[in-house]
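Undergrad: Please read through the structure below; I'll follow up with questions.
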Amino acid sequence: MGSEPVNVSEFQELARQALPKMYYDYYAGGAEDQHTLEENVKAFHRIIIRPRILVDVSRVDMSTTIMGYNTSAPIMVAPTAMHKLARPEGEVATARAAAACDTIMALSFMSTCTVEEVASSCNAVRFFQLYVYKRREISALMVQRAERNGFKAIILTVDAPRLGRREADIKNKMIAPQLKNFEGLISTEVHTDKGSNIEAFASGTFDDSLCWKDIGWLKSITSLPILIKGILTCEDAIKAVEVGVAGIVVSNHGARQLDYSPPTITVLEEVILAVQGRIPVLFDGGVRRGTDIFKALALGAQAVMIGRPVIYGLAAKGEDGVRQVLSMLKDELELTMALSGCCSVKDITRCYVMTEQDRLHCRL
């Protein structure tokens, strides 16, 4: 590709060209047959926007609040692991780009820059994503470090009691670097002859006994609000409200865990209806266009998280690439709002979209 990318999807090919195959496959791949990976994106295509005309859209305001924090648009940087595999500056570059775009970043528990390095890199609102390890004192220490360094919320990822079967990583014998956050605590160097050492590391460290009662343990070690990431059903959404979490992230882990789980946009409204406005709901999975963001907001999400496109931007062009990706999505969302007759984020309501289910009901 000789020309500059004009949309975020074009950064993927630039990233493929820039990265070693092992690392590109790690970022791009999904679980098993990758059915859910493909459907995460395609499911958006089946939702139709219902625009209104003759609305004064000379001023469109995308600003909103996410978990009570003001931000330029309903867009966040999703927690994604090991940014230094994409670019030597790693999560520090991503954090600076997010701050420049007035966007909240969620830092991955599996980051290759330390909590302290990211916190000191720039002044911004940031959340911290958490896995619970069998050695819970390590997870507790990471929560305390995040809180001490000014992170504003904990995003507990709950859909990974074990790592999903990522066959590209197995074939490539994917090797994870030692993570600086865990120096002196635990080694990510795992020797295995069965394929991915990331999978071997996860199987030895992730706490697969984690259950609903453990939300109480997490609450006991932090004063930060806790969001649960990985909910896909109304039943689990109701339980999340009952245990008193501060928010939900509808997510299937970027289709990297359970293949043939539903594409996230198809279950967003189910979760929204179950929650009934009692806590905020964020959305993660398959967002590639401003129109996708608009659709997620119309179905009830407070904001969307952007994962792979940020990594692709980082791999292709470093900090500037991340900034370009976020700016493109913001520009596309603003245009979608204008062309749909919405002057502010609060104007984007359910009546602006038609889902497959809606069309089925119309036929009946």
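Including glycine, each Cβ sits where the backbone N, Cα and C put it.
Grabbed the feature section from TrEMBL, which reads as follows:
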type	residues	note
ACT_SITE	His253	active site, proton acceptor
BINDING	Tyr26, Tyr131, Arg166, His253, Arg256	glyoxylate binding site
BINDING	79-81, Ser108, Gln129, Thr157, Lys229, Ser251, 284-288, 307-308	FMN binding site
DOMAIN	1-358	domain 'FMN hydroxy acid dehydrogenase'
Undergrad: In sequence order, what residues of the same chain, 6+ apart, have a Cβ less than 8 Å from the Cβ of Arg256 (glyoxylate binding site)?
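TA: Expected: Gly29, Gly30, Ala31, Leu37, Gly164, Arg166.
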Undergrad: Take every residue in the domain 'FMN hydroxy acid dehydrogenase' (1-358), average their pLDDT values, and give the whole-number result.
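TA: Here the predicted model's pLDDT, averaged over the domain 'FMN hydroxy acid dehydrogenase' (1-358), is 95.
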Undergrad: For the C-alpha pair, I'd like the distance in angstrom between Gln129 (FMN binding site) and the residue listed as 'active site, proton acceptor', rounded off.
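TA: One finds 12 Å between the Cα atoms of these residues.
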Undergrad: CB neighbours of Ala81 (FMN binding site) within 10 A?
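TA: For Ala81 (FMN binding site), the count of other Cβ atoms within 10 Å is 18.
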Undergrad: In whole Å, could you give the widest CA to CA gap in the glyoxylate site formed by Tyr26, Tyr131, Arg166, His253, Arg256?
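TA: Of all Cα pairs among the recorded glyoxylate binders, the widest measures 19 Å.
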Undergrad: Restricting to the chain of Pro79 (FMN binding site) and a gap of 6 or more, list residues whose Cβ falls under 8 Å of its Cβ, or answer none.
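TA: Those within reach of Pro79 (FMN binding site), by Cβ under 8 Å and sequence separation of 6 or more, are Ala106, Leu107, Ser108, Phe109, Phe127, Gln129, Ile155, Thr157, Lys229, Met305, Gly307.
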Undergrad: If one measures from the C-alpha of Tyr26 (glyoxylate binding site) to the C-alpha of Ala81 (FMN binding site), what distance in angstrom results, rounded to a whole number?
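TA: Just about 10 Å between their Cα atoms.
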Undergrad: Tell me the Cβ neighbour count for Tyr131 (glyoxylate binding site), meaning other Cβ atoms within 10 Å of its Cβ, over all protein chains shown.
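TA: I get 20 for this one.
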